[in-house]
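Presented below is the structure to which this report refers.
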Amino acid sequence: MPAAAKNLPSASLGMISLVAALLVLDRLAPDACSGVNSFFFPSVEFVQRWMPLFYAPALAMLPAGAKSLQVMDGIKVVLLTVLSWAGTLTVTTLFTTLVRRHAKARLEEAPSGLSLAPFSIWEAIPWLAIGAAGFILVYVSPTLLGSPARTLIPFLLSSTVVGFLLGSFLPGPVKRFLHPVITCAIFVNAAALFFSIATEKQFLSVLGSYITNNLKDPGAGDVLLALVGPLAISYGFLLYRQRRIIVRHGIELASVVSVAGMVSLLITTYAGRALDLSSQLINSVAPSNVTFAFALPVGNLLQANPSLVVSCCVLTGILGANLSRPLLLKATKSDDPVVRGLSAACSSHGYGSASVAAGEPDLLPLCAVAYILMGTFCSLLCSVPALGRIISK
């Protein structure tokens, strides 16, 4: 376990530490704990509202990250992602149904969740102005802010935000297939292509300025990806807020999350080897059942391709959003919302959970707790050297 703690992503460790600190403070000084929670919760809501922006850059870099990917390998990656989702959903559903025969705690009204305000077109207008000014700035003086990557930040950052906002305005049925994170990636690539044509530069060269992986010379994507850590840490406040759910459904959560986490990683690993995929491609699919805030750090642990990690997570979410509810209703032949919620949360994270919990507001907090714990558990699993070697072998 000391080795696992050493390898555990800092954001996951920070989230666990935050939950522990809040629980201790709640026992020692409940009023002070309530004050701390109330003080930080508006920030938590802000982070959660803009969440897709923080991992969209990894998906936007897919043209560069997958340029060496063979067509057949790409098909196998998609197939492996589908197999991983289907296998995890099946095993988790069967196991959750079994657990619920013994742990029959009813789903009760949960504390109010996040109150995220809908986006307005007025929020897009300032970013459009920033984008236009940023384009003129970088076109006239490409190194005005010290380097091309820095000077491109206003233009490419605004493209990301505008893409996200326009994606959030799409009708619900369309968003099941065209998630706002996809529109982010499309807009960033369109902006990079437009700039490359206007300046007669190579498209991949411009896109490479979006994520430089250089703290001394960051791009717009680096700025956003730096917020993935705070996003994961913010989940600590959500877990604390829903602590009664964890106590009430502790048996189901502990057992189902543990089984789902191990099954999802092992199914992906062995199915990927059967498909004769390389270790890096298998590792890129491995965290596809985990919510984005944890999938990227897990992918880093496994030395995966971050663009493929996010792409596979998006595909898993789309599968879950469109297929989880009808499949679960047909497979379980029962009306147990806990089975549906845990199965969806542990196989297709928040995106699939939102679809399954539609019309059941009391189910969504349980789903949120489940996919946060799923991400934390998978981070811990991959941090154990022996298990990490089995997965990334």
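Every residue gets a Cβ built from N, Cα and C, even glycine.
Quick look at what TrEMBL annotates:
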{"type": "TRANSMEM", "residues": "12-29", "note": "transmembrane segment"}
{"type": "TRANSMEM", "residues": "78-99", "note": "transmembrane segment"}
{"type": "TRANSMEM", "residues": "119-140", "note": "transmembrane segment"}
{"type": "TRANSMEM", "residues": "152-170", "note": "transmembrane segment"}
{"type": "TRANSMEM", "residues": "177-199", "note": "transmembrane segment"}
{"type": "TRANSMEM", "residues": "219-239", "note": "transmembrane segment"}
{"type": "TRANSMEM", "residues": "251-271", "note": "transmembrane segment"}
{"type": "TRANSMEM", "residues": "363-387", "note": "transmembrane segment"}
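At the 8 Å Cβ threshold, with sequence separation of at least 6, the transmembrane segment (177-199) comes into contact with the transmembrane segment (119-140) through 3 or more pairs.
Counting residues 6+ beyond its ends, the transmembrane segment (78-99) has Cβ neighbours under 8 Å at 251-252, 255-256, 259-260, 263-264, 267-268, 271-272, 275, 277, 281-282, 285, 288-289, 312, 315-316, 319-320, 324, 327-328, 331-332, 334, 336, 338-339, 342-344, 346-348 in the same chain. Of the Cβ pairs linking the transmembrane segment (12-29) with the transmembrane segment (152-170) and spaced 6 or more residues apart, fewer than 3 are under 8 Å, so the two regions do not touch. When each of 119-140, 152-170, 251-271 is checked for Cβ pairs under 8 Å to the transmembrane segment (219-239), 152-170 comes out on top.
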